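*Asks:* This is the structure I want to talk about, given as structure tokens.
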Amino acid sequence: MKLDSVQIRNLRNLQHVTFKPSHGVNFILGINGSGKSSILEAIHYLGFGRSFRTSKHKNVIQNEQESFTVFCECLEDSTTQRLGLSRSINDTVSVSINGIKGNKVSDLVSLLPVQIFTPQSSDILLGAPKLRRKYIDWCLFHVEHSFLTCSNAYSRLLKHNNALCRKQQVGYANPQRVYWTDLLAQYGSELTEFRNAMMTRLIPLITSNLAQFLPEFCVEISYYRGWEKGLELNEALTKSADRDYKNGYISVGPHKADVRFKISGKPAQEVLSRGQLRMLVAALQLATTQCLMSYTQKTCIFLLDDVGAELDAAKREVFIDRLLESNTQLFVTAIEEHQLEFIDKYQNKKMFHVEHGQVREES
């Protein structure tokens, strides 16, 4: 999927912006506060239904306006898709797919795979396991059609089982508790099979990328499924039942899964510098882009915010080259032109200048 045109209304300082990006790489230049990152934020809304800068949608709406809207025309296999999203100040959402309106964000975002690399991207390695689970699940959402149904079912069952744990009058042997635990084990095992299969695909891609991005290190990658080795999930749930009943929540299962990175037996986070961690993240994100292309023939839209702050000149060039090899459409922001000195070699490119919320294409 490639963006042919983008329209943005009342999003931060972008009051009325329309531009036609290149299907290759788009460089967006502007000083801090000009609105260049808000362009990426608008595209991110189409791919995720939310901002990467704030959890409060009303903060994104321009002052004295009731809502913001992002609309795009996309090209896929010579077919044009018209997609739109609007969020109001009272937090309601409306999506539009080829003129048909609804409020199911997942229908929209499934059509437009978007990834983003920002100054906060290292959080996937430094933050909680939830962020690394999201990494796997993003790829599964776009590759496996039945994944979302399974994941949502597991989340609902986990919430219900946690509630049962907190009900002192419901003991573990109670038939109601046994029934819901069995269902949890069923969907949890299915979810784990999805993730195991995806990691089997991703690990060779990540390893290959690291050979180019961090050749001086041997990074060991492993997937922890969320419970003890040698046990089925229903056995692990039975084994932990007394503890879970006492604590009031389920302590084992795919909601405790993690992806672990080690170098010489030590966590990679303790060995690598901040810049090296960014290159590990770049290898991870490139791998999901490659996986998407290999297994679905879908292309990804990739947002690279503040390229000068995140990657040195040589690394940013290699990263962009590899993304373009996967037929990715890129949007790259920078503050100063010297951060983009390497761009002359790219044929399929456009340069945009942003100033006070106005976007101008360089001829």
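Backbone N, Cα and C define each Cβ position, glycine as well.
So Swiss-Prot lists the following for this protein:
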BINDING   Gly30, Ile31, Asn32, Gly33, Ser34, Gly35, Lys36, Ser37  ATP binding site
*Asks:* Under DSSP, is Ser37 (ATP binding site) part of a helix or a strand, or is it coil?
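*Replies:* Looking at the DSSP assignment, Ser37 (ATP binding site) belongs to a helix.
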*Asks:* Report, as a single number, how many Cβ atoms besides its own are within 10 Å of the Cβ of Gly33 (ATP binding site).
*Replies:* 13
*Asks:* Just counting, how many other CB atoms are there within 10 A of the CB of Ser37 (ATP binding site)?
*Replies:* 22
*Asks:* Hey, does DSSP put Asn32 (ATP binding site) in a helix, a strand, or just coil?
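*Replies:* Assignment for Asn32 (ATP binding site) reads coil.
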*Asks:* Using the Cβ centroid of Gly30, Ile31, Asn32, Gly33, Ser34, Gly35, Lys36, Ser37 as the reference point for the ATP site, which residues of the same chain not in that list have Cβ within 8 Å?
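*Replies:* Surrounding the site, in chain order, are Ser38, Thr333, Ile335, Val354.
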*Asks:* Suppose we draw a 10 Å sphere around the Cβ of Ser34 (ATP binding site). How many other Cβ atoms does it contain, all chains included?
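*Replies:* I count 21 other Cβ atoms within 10 Å of it.
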